[in-house]
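Listed in TrEMBL:
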- 4-188: domain 'IFT122 first beta-propeller' (DOMAIN)
- 190-290: domain 'IFT122 first beta-propeller' (DOMAIN)
- 296-547: domain 'IFT122 second beta-propeller' (DOMAIN)
- 554-917: domain 'Intraflagellar transport protein 122 homolog TPR' (DOMAIN)
- 978-1016: domain 'IFT122 zinc ribbon' (DOMAIN)
- 49-80: repeat 'WD' (REPEAT)
Amino acid sequence: MRPIEKWKETVRDRVYDLAFKPDGSQIIMAAGQRVLVCDAKDGTIIQPLKGHSDTVYCVAYARDGKRFASGSADKSIIIWTSKLEGILRYTHNDAIQCVAYNPITHQLASCSSGDFGLWSPEQKSVNKTKVSSRITCCGWTNDGQYLALGMMNGVVSIRNKNGEEKVKIERPGGSLSPIWSIAWNPSRDEHDTLAVADWGQKLSFYQLSGKQVLKERTLNYDPCCISYFSKGEYIVMGGSDKQVSLYTKDGVRLGTIGEHKAWVWTCQVKPNSNYVVCGCQDGTIYCYQLNFTTVHGLYKDLYAYRDNMTNVIVQDLITEQNLRIKCHELVKKIAIYRNRLAIQLPEKINICTDDLSTMEYRITDKICKKFECNLLVVCSQHVILCQEKRLQCLSFAGVKEKEWVMESMIRYIKVIGGPPCKEGLLVGLKNGAILKIFIDNPFPITLLKLSLSVRCLDMSASRKKLAVVDERNTLLVYDIKSKELLFQEPNANSVAWNTQCEDMLCFSGNGYLNIKASNFPVHQQKMQGFMVGYNGSKIFCLHVYSMSAVEVPQSAPMYQYLEKKMFKEAYQIACLGVTDSDWRDLATEALEGLDFETAKKERKKRGENDNELFLADVYAFQGKFREAAKLYKRAGHESKALSMYTDLRMFEYAKEFVGATDPQSSKLLITKQADWAKCSKEPRAAAEMYLSAGEHAKAIDIIGEHGWADMLIDIARKLDKAEREPLAKCAMHFKKLRHHGYASETYSKMGDLKALVQLHVDTRHWEEAFLLVEKHPQFKYDVFVPYAQWLAENDRFEEAQKAFHKAGRQNEAVKVLEQLTHNAVVENRFNDAGYYYWMLSMQCLDIARENTEQRKEMLEKFESFQHLAELYYVYSSIQRYTDEPFSSHMPETIFSLCRFLLNNLTKDVLPGISKVNTLFALAKESCKLGAYKLARYSYEKLQELHIPSHLVESIELGSLMIHSKPFHDSEDFIEDMMCYRCSTNNPLLNSQGSVCINCRQPFIYSASSYEVLPLVQFYLGEGIGDEEALSLIDLEVPHKEDCKARSPNVGSSADLEALRIDDGLVNTDDDPFSAKMSFEQGGSTFVPVKVSRSVLRSMSRRDVLIKRWPKPLKWEYFRSLLPDVSITMCPSCFKMFHSEDYEILLLQHSCCPYCRRPIDEPN
């Protein structure tokens, strides 16, 4: 750890507290009576903030960076914005000691000598809680759930967000150990660890539960401030020792960051960085950058490095096995050699040994002395310390055995091996000298003398060559014996010889890894970091703080040797790690170069030790194929002989070699011949050969690719139905070739009904699919869903809806209908919209009947859709009247339609329905029919609405004309809206809807003219079911004279319910139903007509109409009160019509005008 002072700033007042803006760009400081805002880069004061009248003790920044707070001895808290504007001030009863923002909710905790308060932006008031002792410091947990308060009486009180105390921690010293600073570890792995620094000169750690953890540390000074690094790995502290010190998260002191002339009152770590800022009693502010150097050691594939300053991790770079050694002190140096590991700590050096080479190091020796050294290396029985020009050799007992003093500074040192106690050291000096030292020899040996300083060096495995990197990043390679420069390369920062190959080295520089073999050109590849070791095919690279082993294929240098016919050297390279094809190339090249020894080595490397097999390969290369085949057979490798003949397309020789004794080999031979025929573009011959060899799948693929359907169906018919895989391939090819019949035949033979159904669906053969579904209903879903989707894609939406319904996909059916309805409304096809809404309502009724969980929701939708269907059905006639030049309706009909629509329109505006058109049509027809009062009302209402431009002139003219007419309606309209229950005359427009203003009895309208029908709905008494009610009504037997007087029923369909009542059939004075309908004037609620069994017996079946709704709806009963009126009800939609109107509409449309049910369709 090396601290660098980045800047220093002095203010005239004591700096009590400071805080960083969360993005690290600014620092706010409490200095005197001001809050100073500084630039974090250079300490420049951006702006002093004045708002307090006394010394400012504390500052804190919110985690979101939008506001910060300051607390002062003037008992006030000021909230400032990030734009440096004060926005709020509130006060306590005593001087403010500390403030802290909740990291999650941004709630501010402010603490004084006698209480603490909690404030949040959404609160108007501050919730304050009194405490028994002066609060000196506070801090929130990482999740913002708890607040810790440090007090003068040695107590840490942990409270929730409401200020309630949950945990109380009492330090042993009590009031003699006042808590002066606390901090929560920000790391999530530490589970809310609280660091507590008190003036009993102790540093202790506690969990959220109040349990003390880790070891308590003695400080030897009074701590004034404590702060964690952003990841929680280190702690920074300052106080009466006038220093800022660095500690581990466990409280182990690592060193001094900076020494000052006055007490350090505050220190903070810049977020997500290694910068530390501190403020002193004399008004000076310092900023330091901490550089954490890499402390590590490498020996072959074992790498040891420092972790978190106090731990050592030993890593096997090949197996990636790790071992962590906890030292609990600052690790200063590390050295590793064979099974020895040396760790230098501040006061000692630990020697660890791995006796069994199992990565289980244990401390075997300790040198309990304090050493100051630049470099450290370890040997089998000695430790070598390097201090500038001096090298000292110590035994593991700490005895100095030898010492060497160099003529210049030592820049590089490395152990190059040797017998125990006689190891050799390679030493590079600043003046360019390179020495070899044996630890049992007091005299160094000079190997080379360069003109530039040595940066890195290494010696080859045979000790014959030396590679050096100088301070100009030039790699120089020398022959040690002759001192001759063999070659040099630029752009190198480190170098290492391959420990297993004499002539190979690698070096790194400028982001590239360079591999050089002998005098061949360098092979380059990109790499991050720099190279530190080369072992076999593994190169060890250090990038920042992590070491990794990079697997480097040795193919490039091997082929460089092969080009020069240097087979032995190529073999050595190949042994380091190349691919199988590289090995084969090596063997071939060696054979061609007559280096049989290398070729044999290559074969042995692959596990081939048979000389006859080797000789057979030689005969094969020489073209002596028959002799090679005999040797292959003798060696037990008949397959190699067969492969040789087939590779050469010598199938006749192959057949002769196999003979007729081995059917398996014969089959294999035919297959290979078929493969050759296929490659030779003779597909028909190949297919026939595959068939003869029993390779049906390959034959089918060839035949299918070429579209030979006749040949394919012959194969499919000959195959057994148990051979499903080739049959499935045949069917697949038939589908591709669009031979639906053949594919169907094949699937039928397989018995694969699901695939057959899918075939019919994919090829759009719907009739065949429907026939299959009739026999196998389990495939209903697989057929009708794609059928419905196909219909929808072809714009046949109504059929698609029915298909979804058949498939049981009610939700999709509803979606299609909803889309149809929406389109009809958008396109102003209101008659279709009414019809689709009616279909939607019936769809909802089906779902309600089948699904009890959705019944309530679906029934509500049923009622809503029924209502909307009628409104759009009515408006379609009004829209045609206003938009088209001619109308097929009588004025009275348009008049009734408009009144019905206006009576039933709710406050919600329905899409497409124009109130302007409706009122305009009503005004025009009212004028024609003499309803001048209603016309005047309509024109007045139109003035309140936005009128389209094409109607403005007509409406303004009509508004003027109506003033020339009487102020009342014609008397002809008085009886038009009479209630048939209570005989009350109703107004032409009723704000209460289509009900009587007196008795609230709903009106029943004709679905053609929308005149009120003389029908009254009645309900069955308790305990009377529908079947019983029907039987009671049917008891009445008509008289013969009545039958003669009665006109024939309307329509020829037996399904139509029609009634015709003759004059004088029932005497109303004696009719119990009339008595049931008696009603007092002015009732405020609707009282339905309920009938008993005796009343039902008195009724005639000819007088009653019944809407026989399917379950879960109940039947609805209506009785006609005027015998002259003939009424017909549609058995599908249950709409009522005047019989004559219904007859005419049926002749016009051949169906019901409302639900579009054809005349000849059975009910």
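Positions of Cβ are set from backbone N, Cα and C atoms, glycine also.
Across the repeat 'WD' (49-80), the DSSP tally of helix, strand and coil residues reads 0 helix, 19 strand, 13 coil. Distant neighbours of the domain 'IFT122 zinc ribbon' (978-1016): 873-874, 890, 892-893, 896-897, 899-900, 902-904, 931, 934, 937, 969, 1077, 1079, 1081-1083, 1085-1087, 1089, 1105, 1118-1122, 1125, 1127, 1130, 1135-1138, 1141-1142, 1145, 1153-1154; these residues of the same chain sit at least 6 beyond its ends, with a Cβ under 8 Å from one of its Cβ atoms.
Here the domain 'IFT122 zinc ribbon' (978-1016) has a mean pLDDT of 86 out of 100.
Shown for the domain 'IFT122 first beta-propeller' (190-290): DSSP residue counts in helix, strand and coil, namely 1 helix, 61 strand, 39 coil. The DSSP breakdown of the domain 'IFT122 zinc ribbon' (978-1016) into helical (H, G, I), extended (E, B) and coil residues amounts to 0 helix, 8 strand, 31 coil.
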